[in-house]
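I'd like to ask some things about the structure below.
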Amino acid sequence: MTDSSTASESRAADAESTDSLSTTDGSLDGEQAAVPSIVDPEVARQRIETVVRETVEDADARGVVVNMSGGLDSTVTAALAVDALGPERVYGLILPCTKLGATAARDAEALADALGIDHDTVHLQPLFARFGSVVPDSFGFHDEPVPAGNAIARFRMMLAYFAANATDRLVCGTTNRSERLLGYFTKHGDGAADLLPIGHLYKTEVRELAEALDVPDFVLDKEPTPGIRPGQVDADDLGAPYDVIDPILELGVDAGLEPDAVAARVGVDVTTVTDLLDRHEATAHKRRMPAVPTRDRDR
């Protein structure tokens, strides 16, 4: 772990101004911290929809492509895009990668139908199986679940960008702030997008916005999962549920408090806090553009 001053500087670089968007009640005055909360969901909704419209207009694009999983983040993102652009300018891409993903795919199809958007379902199993058959044995393709899972995420984004290029649209990503700050996404996979409408919202705030958007209960009740491996859920991967993760990130990253202070405010052990903040720092490269040497004028 880096020294405290370096860690604080690293976290400060990822702290973004949220002005009146969200609040953590009592988080900075010694009281028990609450989960991040949107002050006014309608204002937050209008801001997001304005960004979506302006981004599409600035690119002179026909609309957006959204990878839909049947989960909370993609449903909220698609709903916001529909409100901003109209259903005829939003295209849903549903990309199951396992047999167990078929149920989620059916949910995504039903949600796309409810939103009134065009959509297609592409099963990735044949593509992924073919990929596995040509990967050198030395890569341990069948023995390494993380690289294989990242490959699936990149296949999904490859198809999203193919669809976007073919239809003159932008790729509308579905990553939230909790995932971004923890690097819980695949670089050049689900982390790749032309715009991230909910990228500034913690997962708990996305849920709050979903309720304001009247997202169906069956979506709200789902256990958050990246949908890569059978039985995989976010809380297991990250070591805590989002109602614990989000106040830790807001206090430790946004407010820059030290781990022991964060632990006291949130009511968890210091190890949980340091594990999450260490993960935030270790994944900083995923939130940056590629490193480029400084151009020498005297070259």
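Each Cβ is built from the backbone N, Cα and C atoms, and glycine gets one as well.
Checked TrEMBL, it gives:
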REGION    1-40  region 'Disordered'
COMPBIAS  18-30  compositional bias 'Low complexity'
DOMAIN    46-290  domain 'NAD/GMP synthase'
BINDING   Asp73, Glu179  Mg(2+) binding site
Restricting to the domain 'NAD/GMP synthase' (46-290), report the mean pLDDT as a whole number.
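The average pLDDT of the model in the domain 'NAD/GMP synthase' (46-290) works out to 96.
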Counting across all protein chains present, how many other Cβ atoms fall within 10 Å of the Cβ of Glu179 (Mg(2+) binding site)?
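Glu179 (Mg(2+) binding site): 24 neighbouring Cβ atoms within 10 Å.
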